[in-house]
Amino acid sequence: MVAAGKMPCESIGLDCQLFVSEQASDEKRMQIGIVIVAAGRGERAGMEDGPKQYRRIGGSAVIAHTLEVFLTWHRATVVVVVIHPDDRDLFEKAIARISGADRVLTALGGATRQQSVLAGLEALATAEATHVMIHDAARPFIDHALLERIAARLDAGDEAVLPALPVFDTLKRGVGGIVQETVPRDGLFAAQTPQSFRLPTILQAHRDAAHAGLEAFTDDCSIAEWSGTEVKLVEGSPDNVKLTVRRDIIMADQRMAGATMPDVRTGNGYDVHQTEAGDGVTLCGVFIPHDQGLKGHSDADVGLHALTDALLATCGAGDIGDHFPPSDPQWKGAPSRIFLARAAEIVRQNGGTIMNADVSLIAEAPKIGPHRQAMRETMAGILEISVDRCSVKATTNEQIGFIGRREGIAAIATATVIYRDGAS
Ligand SMILES: Nc1ccn([C@@H]2O[C@H](COP(=O)(O)OP(=O)(O)OP(=O)(O)O)[C@@H](O)[C@H]2O)c(=O)n1
Ligand SMILES: C[C@](O)(CO)[C@H](O)COP(=O)(O)O
């Protein structure tokens, strides 16, 4: 249905590219651009932890959730995000892991939401869009079903569309803590976003309002109403709440966390060391008396080396040689538990929880079975996880090849890690 392509553009704020999609013929007449306003300070939510649109809910910034919904909606052509000039770093960090984020255009916002929207509309006007959906970054629970309901109204020719829900509470007007009157709620609706328009209509209305010095509009439909445009109501979504106060963010975090798919990653590792004359080998942290030793810069523990690589692989952190180069004399004869502990630390620093560690040892001798439990307990101790999450298996090489000739011992390992925030 949609073939996405890139088109270079002049960025207003940051380097960027426009996201352009070729619509199927039935939708070709309409190009729906998106403006997401994210330049507010979020004072009502408290500024101690930064503007609310960059606070984390369910492991990602609020704005990342919002943006993802639009970037994955097949009818969105151009996406403009309006940011505060002080928030460039916060924005880039927040969207770094979103697929398609490199195709987002940014503009710089103003002191009021109204000014920020106008900046976004002006940016959109330079791109190919016939219609626009204007959305609050602070409404991360927007969904495709609501976008489709609104788009259907635009397809039908409506100039201005407002998603809204009827007000169910009894409404009071109060002054100084005293109720003055009960306000009839019949016909009253709570306005949501994305408020959606034919682009030339709302752009002109916004420009006219600004020229007239009218700066107190809190939403875009008010401006359309002021300009004499008929605004059609569509049913909003009860989930599409705006995060306004601190409690909203806490609730949103709990809700997102419950809904977020776990980010489960697996990594594998392999290691081999040559045998040499000696009196024993260290495998998975356990010394086993034997008629051979293992040659290596450290203690040559192939099991823990393979597992170290497997863990590093779950967060793209390179391999054991990157962190503990064999050329570095400080690792001479080092116990390999140091390497594994460091890999576990790196995983945790990236937001990972180690779920499982599995090592297969491939050795003609010594016999591993009698030591397997001690090995599992050693691994569990180093990784600080329970023993039932650690596994050690062993096999001979059926007397074939270098392992079969007792010239070396090898290990392969698999690690499973769940990441909360996405590894960085
Ligand atoms: N100057 C502004 C003010 C608001 N917004 C955006 O408009 C949306 C809705 O505004 P609101 O919830 O009022 O956000 P804030 O202005 O940030 O909040 P507060 O009034 O509590 O400071 C938010 O996504 C906000 O970032 C904006 O882009 N530019
Ligand atoms: C646009 C809006 O989200 C619709 O409900 C709302 O008007 C923003 O107003 P606020 O007063 O800045 O919260």
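Backbone N, Cα and C atoms are what each Cβ position is placed from, and that goes for glycine too.
Automatic prediction, not curation, is the source of TrEMBL annotations.
Here TrEMBL flags 1-264 as region '2-C-methyl-D-erythritol 4-phosphate cytidylyltransferase'.
Mapped onto three states, the DSSP output places R44 (site 'Transition state stabilizer') in helix. Among the features that TrEMBL reports, site 'Transition state stabilizer' is placed at R44 (among others).
With a cut-off of 8 Å between CB atoms and residues at least 6 apart in sequence, the same chain places G40, G42, A45, V62, A138, L243, I249 near K52 (site 'Transition state stabilizer'), listed in sequence order. Residues annotated as site 'Transition state stabilizer' in TrEMBL: K52 (among others).
The feature site 'Positions MEP for the nucleophilic attack' is assigned by TrEMBL to R185 (among others). Other C-beta atoms found within 10 angstroms of the C-beta of R185 (site 'Positions MEP for the nucleophilic attack') number 13, with every protein chain shown included.
The Cβ of K242 (site 'Positions MEP for the nucleophilic attack') has D136, A138, R139, Q192, T193, D248 as same-chain neighbours under 8 Å, each 6 or more residues away in sequence. Summarising the annotation, TrEMBL assigns site 'Positions MEP for the nucleophilic attack' to K242 (among others).
If you look up TrEMBL, you'll see 265-417 marked as domain '2-C-methyl-D-erythritol 2,4-cyclodiphosphate synthase'.
Positions annotated as region '2-C-methyl-D-erythritol 2,4-cyclodiphosphate synthase' by TrEMBL: 265-424.
What TrEMBL records for D271, H273, H305 is divalent metal cation binding site. All protein chains shown were included, and the count of other CB atoms within 10 Å of the CB of H273 (divalent metal cation binding site) stands at 21.
TrEMBL lists D271, V272, H273, H297, S298, D319, I320, G321, T395, T396, N397, E398, F402, R405 with the feature 4-CDP-2-C-methyl-D-erythritol 2-phosphate binding site. Sequence-distant contacts (6 or more apart, same chain, Cβ under 8 Å) of T395 (4-CDP-2-C-methyl-D-erythritol 2-phosphate binding site) comprise S360, L361, I362.
The Cβ of H297 (site 'Transition state stabilizer') lies under 8 Å from the Cβ of P326, W331, K332, G333, each of which sits 6+ residues away along the same chain. According to its DSSP assignment, H297 (site 'Transition state stabilizer') is coil. For H297 (among others), the entry in TrEMBL reads site 'Transition state stabilizer'.
Mapped onto three states, the DSSP output places T396 (site 'Transition state stabilizer') in coil. Annotation comment: TrEMBL describes T396 (among others) as site 'Transition state stabilizer'.
With respect to ligand 2, the recorded positions K242, D271, T395, N397 contribute K242 as residues with a C-beta closer than 6 angstroms to one of its atoms, given in sequence order.
Comparing CA positions across the recorded positions R185, S298, I320, F402, the one lying closest to H305 (divalent metal cation binding site) turns out to be I320.
Ranking the recorded positions R44, R185, D271, H273, T396 by Cα distance from I320 (4-CDP-2-C-methyl-D-erythritol 2-phosphate binding site) puts D271 first. Per Cα geometry, H273 is the residue among the recorded positions R44, R185, D271, H273 nearest to F402 (4-CDP-2-C-methyl-D-erythritol 2-phosphate binding site).
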